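Comments concern the structure below.
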Amino acid sequence: DFKCLMFFCPLCRYNRIAPSLGVDIISLNEKWQLMNSNSSVSLSAEVPGCVHTTLQRQGFISDPYYRFNDLAYRWISLDNWTYTTSFSVPTHVRGKGKAVLVFEGVDTVSTISLNGVTIGKTDNMFRRYDFEVTGLLKDEENVLQVWIMSAVTYASQRSHAHTEYRVPPDCPPPVQKGECHVNFIRKAQSSFSWDWGPSFPTLGIWKEVRLEVFNSSRVLSYTTSPKYDSEHSSWNVEVELFFDVFVASKGLVHLSIPLLQSEAEFQLSLTPGQILVNNNLDIYDDNKCVHFKSVSLWWPFGHGEQFLYYLTIDVNLEGGETFNVAFRTVELVQEPIPSSPGLSFYFRINGKPIFLKGSNWIPVHAFQDQVTTDMITILLRSAQKANMNTLRVWGGGVYEQDIFYSLCDMYGIMIWQDFMFACALYPTEKDFIQTVREEVTHQVRRLKSHPSVVIWSGNNENEAAIATDWFNISVAARPLYVKDYVNLYVENIRDIVLQEDSTRPFLVSSPTNGVESEKEGWVAKDPYDPHYGDTHYYSYYKDCWDWTAFPRTRFASEYGFQSWPSLSTLSKVSVSSDWDFSSNFSAHRQHHEDGNQQMLKQAELHYILPNSTDPVQKYRDTIYITQVMQAQCVKIQTEFYRRSRSDIVEGKGHTMGTLYWQLNDIWQGPSWSSVEFGGKWKMLHYWATDFYAPILSAGVEDKGDLLIYGVSDSHSEKHNVKAKVKLHSWSSFNAVCSLESNVTKIKAGGSTLVFQHSISALLMQCGNCTRRSCIVAFHLSSPEGQLISPHNHMFLSSPRYAEGLQKPNITDTGIVQNFFVTLHCSFPAVYVWLDVDNIPGHFDVNGFLMLSKKSTVIFGAWRPTTAEEITANLHITSLRDVY
């Protein structure tokens, strides 16, 4: 479980920045001094870090996330700041031929000087910068200074200098309380605000700084690309070594994968400059015959093992570096489908079609220096525990840390990797294009060795922004913006990706019509066309229980509903007077227009809203009802997509991916997430473990019939199953009646109808049941009665109209050893929710239907705790308790 998060992982060795031996490295991640523009603020600082974090740690400001501090601390981002440090260099090091200062990441616009001499400038937080400082190093103290300009000011200046035509949007919607012109700076686009997060346009040195000094050469980076030759059924590993050469030299490169008994040696001949050396390591079996089966493949979670081999790269026989390498193929299949116009859109991994199940990943924190390995691990393990095999790293945030991708490699979580462009048009001046080219080259080389990365995507929603005219561009001006779009994403980003990486597909945008968009000049007439590519779909006022309103798309890469996080999460950044849906705090924290009303309106369609006379209890209950609504809505939509994988209805269907919006939160506030800031699971995340199960039973009403489908992710195994169906009255624990289907073989990698029955006939057959007085519970079992799918249920009418639903009077008998919680109730209960406030961990089930007098759940703690602590913090809620 999550109990051992502090760990050393030998499989996580994916640091591709590996200077060769003979290079002296001096870390400059020690203490720095930080000062604002008029010297009124001066204090010590840590690198990596940012200004906000430094000010908070030094006690100069309180928690930036607290209440309205995002507005109170706006002045920090509007000022310019200077980082200064001093260091000495040993004589034997200073005497070497070349010295380079390496900045892995500066946020964002800076001028850097050493000993009073300007050595370079930065304008892109997503790039590594190397500045040669040979001849500038002093015998004694060296002073390094990094002057960082306000990102807000810089973006504004660049926008106003772009006078020929506007590049929208100028500013975010007022509800976001954000800053303007973020599309003019190569920085996390969400740092100026988003509809789920605050405006904190950070400044700082957010990654490590070091001095590298050498006589001959240094290795800038390594990349490994396993490639499969289908013609010869063989594998080889392409190894790229990037050198910075000062003096021409010769040498050897030795490559080996001991477990595969494969090795090779190559001559090196290096000339001054930045040099790429490309070598191939062929994979043989014991008979020296190239063989596909001689390797163990890397598979997505739920489809096989995630086998990682050690690859040793030894330059000049000096000891070498060991990295991970994994063997897998990926194809994005876009081909005609029988009985359907358009094209398919699905992923084949190692030749097998894979249904992608997962969510979208946003930045873990507004201040990246505060993101820890534990935070990333909890989120990724939570995703895996919910049976996810894919996360989309969304294009308005950051390219994630190395450890993120290494853990995804281990956990079998595939990554859809956006480039960092989102919901905007972008300038195409020469210097902007050039810094983007450097960014893309750097990030592709950094990430392409990871088997978890299965696709590159150029941007988030920018094709749709032009196609559906988000920004009121005139018909006459549209060709200019299309030309800029093609220039940036096709002629530059796509061109670089295709040069750097031939092992995985590239999409220009999301959503997109894929190859059809390409045929239409890269901007399709309708990028949301469900016959092609992927779609994003949101509808907050339509009844989310009406599955017929959802697009029967090839691939659903965004969809979702908002909810509020738990009171224990919000209480860390609020006071009791804030705990009201009509409070200033509730309005301030909501960055999506009409978001709070949308949640309540959607909930009110099917539930009676909380009406406690205790304000705090009503607030807690309202949070609960938003999470109930969100879980139910996303469940209905996801089950619709999963059962559509085999269907073609009116030419639409063959859905092969669901990535709901969104997995995680950047702060404590309302959002579409299933996991709260801090790692606590919302009800949606508990439900995802079931609706993303490898074998799913999905129920739906269609034209008066109850249909139950069996959905299987299996590649080959065909399961013989029966659907077991029970109708339960809200007023009794005894099933009113039970039915089961004939044995049906559910197809591998598909959706199969296993049960169909007229609902009116079913109610008549059962006797004492009406749509309002009963609920349908069902699951799939083997012919022998073994449980095959998670338990599921379906309402025959809205719970707000339920007849006989009574307060269940749920009690617990205390927490026993191993944190078993035994619940007792007087009547059936729906959406039974257990909350233990700030104790980190999760239950084995939650938000469940309780159809028996007694039920036992287990709490898995992520830190040491006691039964007494859990008992003291336990809150139990069901739907009937909130009104």
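Just so it is clear, glycine is given a Cβ too, placed from its N, Cα and C backbone atoms.
Annotated features in TrEMBL:
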- 32-207: domain 'Beta-mannosidase-like galactose-binding' (DOMAIN)
- 347-485: domain 'Glycoside hydrolase family 2 catalytic' (DOMAIN)
- 705-800: domain 'Mannosidase Ig/CBM-like' (DOMAIN)
- 805-881: domain 'Beta-mannosidase Ig-fold' (DOMAIN)
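Secondary structure counts, DSSP: the domain 'Mannosidase Ig/CBM-like' (705-800) has 10 helix, 50 strand, 36 coil. Secondary structure of the domain 'Glycoside hydrolase family 2 catalytic' (347-485) per DSSP, as helix, strand and coil residue counts: 58 helix, 28 strand, 53 coil. Broken down by DSSP into helix, strand and coil, the domain 'Beta-mannosidase Ig-fold' (805-881) contains 13 helix, 35 strand, 29 coil. Mean model confidence for the domain 'Beta-mannosidase Ig-fold' (805-881) is a pLDDT of 95.
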